Amino acid sequence: MIGGLFLNTLSFVIVSNHPIVNNTANVHHIQQERVIVQQHHVVSARTQNYYPEFSIAVLFVSFLALYRSTNFKTCVGILMFKILSMTLLGPMLIAYGYYIDGIVTTTVLSLRFAYLAYFWYVNSRFEFILYNTTTLMFVHGRAAPFKRSSHSSIYVTLYGGINYMFVNDLTLHFVDPMLVSIAIRGLAHADLTVVRAVELLNGDFIYVFSQEPVVGVYNAAFSQAVLNEIDLKEEEGDRTYDVS
């Protein structure tokens, strides 16, 4: 779509697919048939050549309409490019005679925008269009894309420290993690609370949000835990002094 991606498509075939008229008055019937046959072969060859390029253009527009990112600045840039494509690039292609390219570009992007605008209207949050997704999680007013887990179960894990956690590109500070809650809105609707805070060996935490309480956390890296415990015992043994 940029830099001539749409210059070789089926719309060019439509412009080129005009009957070849021989203005000479004294043309035999056999020659006219040969001209028609040659014209048919030329148009068929052009159509076969432009089908793959048209398919690539359609796939590119579809990819652009569905592409999403978790980075805020990237999402802003992509959204601005989509708006320019719908309002400027699509009509420009139509004005220059590339009707199929312009119609496909404008229609696909507009339909995607209208679909996301429904969630924007229902939830009164523009982030559905910004992040190009139908489901968002809100942590104390801050929006971030929600990634579905396996088996369509709804839970969220956030990485952080003893008094903070990372929400996408933002850092949320808190006093008590039990006061932090997550609201899932869009295609899924759920309210999650902190059910477990897992402390890592380096001092960081992984906060687990779920609708169901967590019974326990299994330490799969038991060898690392055993080695760490041995190191602590050796340090304590080195600090033991004989006072007798």
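Backbone N, Cα and C atoms are what each Cβ position is placed from, and that goes for glycine too.
Feature annotations, courtesy of Swiss-Prot:
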type	residues	note
DOMAIN	41-131	domain 'CoV 3a-like viroporin TM'
TRANSMEM	47-67	transmembrane segment
TRANSMEM	75-95	transmembrane segment
TRANSMEM	102-122	transmembrane segment
DOMAIN	135-214	domain 'CoV 3a-like viroporin CD'
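Broken down by DSSP into helix, strand and coil, the domain 'CoV 3a-like viroporin TM' (41-131) contains 79 helix, 0 strand, 12 coil. Taken as a whole, the domain 'CoV 3a-like viroporin CD' (135-214) shows an average pLDDT of 85 in this prediction.
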